[in-house]
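Q: Pasting the feature list from TrEMBL:
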DOMAIN    1-295  domain 'Phosphofructokinase'
BINDING   Asp91  Mg(2+) binding site
BINDING   Ser136, Ile137, Asp138, Arg173, Met180, Gly181, Arg182, Glu236, Arg264, His270, Val271, Gln272, Arg273  substrate binding site
ACT_SITE  Asp138  active site, proton acceptor
DOMAIN    379-663  domain 'Phosphofructokinase'
REGION    379-762  region 'C-terminal regulatory PFK domain 2'
BINDING   Arg448, 505-509, Arg543, 550-552, Glu606, Arg632, 638-641, Arg712  beta-D-fructose 2,6-bisphosphate binding site
Amino acid sequence: MNAAVRAVVRMGIYVGAKVYFIREGYQGMVDGGEENIKEASWESVSSMLQMGGTVIGSARCKEFRSHEGRLKAAHNLVQRGITNLCVIGGDGSLTGANLFREEWSGLLEELVQQGLIDEDAVQKYSALHIVGMVGSIDNDFCGTDMTIGTDSALHRIIEVVDAIMTTAQSHQRTFVLEVMGRHCGYLALVSALACGADWVLIPEMPPEDGWEEKMCQKLSATRSRGSRLNIIIVAEGAIDRHGKAITGSVVKDLVVRCLGFDTRVTILGHVQRGGTPSAFDRILASRMGVEAVIALLETTANTPACVVSLCGNQAVRLPLMECVQMTQEVQKAMDEKKFEEAVKLRGRYIHITNHCSGFAQLQPQPPAQYEILGTSNFNIAVLNVGAPAAGMNAAVRSAVRVGISEGHKMFAVNDGFEGFYKGQIKEIKWADVGGWTGQGGSLLGTKRTLPAKYVEKIAEQMRAHNINALLVIGGFEAYLGLMELLEARSNYEEFCIPMCMLPATISNNVPGTDLSIGADTALNSIVETCDRIKQSASGTKRRVFIIETMGGYCGYLASVGGLAAGADAAYIYEEPFDIRDLQSNVEHLTEKMKGAIQRGLVLRNENSNENYTTDFIYQLYSEEGRGVFDCRKNVLGHMQQGGAPSPFDRNFGTKISAKAMLWLTKKMNETFRQGRVFANTEDTCCLLGMRRRALVFQPVVQLKDETDFVHRIPKEQWWLKLRPLMKILAKYKTSYDVSDSGQLEHVVRNIRPKESDPSGAM
């Protein structure tokens, strides 16, 4: 929420508006006074990005629900000339804001009758404009893929799960985790996918009668295959088909009674609401805050109140009450035990149905079913290529288990194409990938070797293992490698098979996708480090930090990391800069440092300029800032590639890999002729990427024209449109192209294509 507050304040000041803090939510609006409604300054929102909660406070207000309370609130706003409200909250807060807006003219008339304001004030402040942003860790608001706070809550849950899994494995225990979600199972479901839990219970999909026996059978089967632990995740609002609550203690008692397993219950509670916000949440909230201000500037008396939402990686505006009504319809369906309808309504926006089907596919199957699985004639190989990226292992696990579920035999190739031509290929079974979701790096091993020199040897290995389809997970080398294999089809029939690539690189430099597996984890590493570095200057004299990020020639990490960390500048290759730009940045920071600002942050992409190196920029800033601030530099290096994958990368890798396996299955069936698979068309060699609102399979041949092969980046990159935001929020005078702002859409039209991805992207 603080990132949203910061963005609204700074964007409001940037466009020339007066911006006010209203403390303690509607209570502060009703109570009024200088302490509760206070003008905000640029400096008053400094150092807010890394803080959890909300610094302006939030409170439930019974008084605002009454007409008298709203009358007081209207009087307090008119006294300060406030006619634009930006409300961050859940459906209750936003519904209250809309009612306030509808009553506004009547409230002003009452204030005139009571002699508290005059007729001129009624004319001057005749309309109240409202824009909403949804702040809720439950992600339970229809109309947006992600609400502010959800990703950070997932981080807290996964941190706890990862810690618990180590102790559970040591003691051979079963752990039952109860997470928040009174009416919405999003946190439970997504965290279950992200940690590879054995069972999940959510409010929208009560288990069928007899679920107790089925769950115990699955837990027992998991243990019998060598696993030393079980994880069960329960949403706090989970119920059975008869409306009876299913709590963590109920599940524990069941497991102990039926299986005798050593079982513990952990209730996460308000831990999920706290802590430092994730990079995703900071970027989401910053984008929404800026969009909210633009929406207020463009609104008229006849424009319905809107809510700023995220759809794919796009900011959109939706009529507030349409979203509220849809959200309430979900609750009504659940109250009436119409669970399928609730899932359908919920699934349209947060794709809970997709999550559920994916989760079911990735769970261990009963032993009897194993005899049926793996009986097809199709063999699929999976390999990692290029540098390691967090989330690769989750993608491999998903591919293996979905492939086995589809009846295929799965083969793992170690060390990329180098291992392929050396024959480092072996069958990989269901149990072999247990616990892989939370592992960083690449457990299969990965190399940058390209296949062109070794196509004959690779063809021999494919022939020897009868490989019928190929899944390549990696970065730019994987993209180049797939094109080389495509060219080799004319000489080697072994490559006339369906081939699919999943983009996985922290640099996010692969054409055909807005986002790559691993980029979110790297962003979080950068942001966490920047937070610590900035904190190290706390209490010292004014200081500027120069930080070098990875990314090759792609400035994604520096730019988006800079937006999330509150950087003053980010130097990248895609936006050329010269000595005058550097001098201007130094002067800008010098002016800021003469005021209340204590710290500055400058990011530089490693290949942004061969002459203006990190050392050069550090020395320039040190010399020109002498007497005002001093400088420190830091090269983040390979720590950006390491660490446990973020919840986003675990789930993104899991979902797109599952989707790719289903596509490969379909293509193999379509191209199976006379006892063999033969696929030689362009559309059988594809990259699966996220494009704006949808996941799209694109032939790699068609991506050639979109690629700058010299610098290994796409020719067009969507995130460059976020750079003006960073500059505006850092107090630079720059132009912001509002043509890229969200347009008002209707909820009924905001239904995405079947290929769309449930995760929002930044």
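Cβ coordinates are placed from backbone N, Cα and C, and glycine is handled just like the others.
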Q: Determine the Cβ neighbour count for Arg182 (substrate binding site): the number of other Cβ atoms within 10 Å of its Cβ.
A: 12
Q: Please report the Cα separation of His638 (beta-D-fructose 2,6-bisphosphate binding site) and the residue listed as 'Mg(2+) binding site' in Å, rounded to an integer.
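A: Cα-Cα distance, His638 (beta-D-fructose 2,6-bisphosphate binding site) to the residue listed as 'Mg(2+) binding site': 42 Å.
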Q: On a simple 10 Å Cβ count over all chains shown, which one of the binding-site residues Met180, Val271 is most densely packed?
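A: Neighbour-count leader: Met180.
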Q: Would you mind reading off the Cα separation of Ser136 (substrate binding site) from Ser507 (beta-D-fructose 2,6-bisphosphate binding site), to the nearest angstrom?
A: 30
Q: In whole Å, note down how far the CA of Arg448 (beta-D-fructose 2,6-bisphosphate binding site) lies from the CA of Arg182 (substrate binding site).
A: 47
Q: What residue among the binding-site residues Ser136, Ser507, Gln641 has the most other CB atoms lying within 10 A of its CB?
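A: That would be Ser507, with the highest Cβ count within 10 Å.
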Q: Go through Arg448, Arg543, our binding-site residues, and report the one whose Cβ sees the most other Cβ atoms within 10 Å.
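A: Max Cβ neighbours within 10 Å, all protein chains included: Arg543.
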Q: Would you kindly give the Cα-Cα distance separating Met180 (substrate binding site) and Ser507 (beta-D-fructose 2,6-bisphosphate binding site), rounded to the nearest Å?
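A: Their Cα atoms are separated by 34 Å.
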Q: Max Cα-Cα distance in Å among Ser136, Ile137, Asp138, Arg173, Met180, Gly181, Arg182, Glu236, Arg264, His270, Val271, Gln272, Arg273, the residues listed as binding substrate?
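A: Farthest Cα pair among residues binding substrate: 32 Å.
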Q: Whole-number Å distance between the CA of Arg543 (beta-D-fructose 2,6-bisphosphate binding site) and the CA of Arg264 (substrate binding site)?
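A: Between the alpha carbons of Arg543 (beta-D-fructose 2,6-bisphosphate binding site) and Arg264 (substrate binding site) there are 48 Å.
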Q: For the region 'C-terminal regulatory PFK domain 2' (379-762), what's the mean pLDDT in this predicted model?
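A: Computed over the region 'C-terminal regulatory PFK domain 2' (379-762), the mean pLDDT is 90 on the 0 to 100 scale.
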Q: Using a 10 Å cut-off on CB atoms, tell me which of the binding-site residues Arg264, Arg273, His638 is the least crowded.
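A: Relative to the other binding-site residues in Arg264, Arg273, His638, His638 has the fewest Cβ atoms within 10 Å.
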Q: Could you tally the C-beta atoms, other than its own, that fall within 10 angstroms of the C-beta of Asp138 (substrate binding site)?
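A: Neighbour count, Cβ to Cβ under the 10 Å cut-off: 22.
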Q: Between Arg264 (substrate binding site) and Gly552 (beta-D-fructose 2,6-bisphosphate binding site), find the distance joining the two CA atoms and give it rounded to the nearest Å.
A: 46
Q: If you compare CA-to-CA distances from Val271 (substrate binding site) to each of the binding-site residues Asp91, Arg448, Gln641, which comes out shortest?
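A: Closest recorded candidate to Val271 (substrate binding site) by Cα: Asp91.
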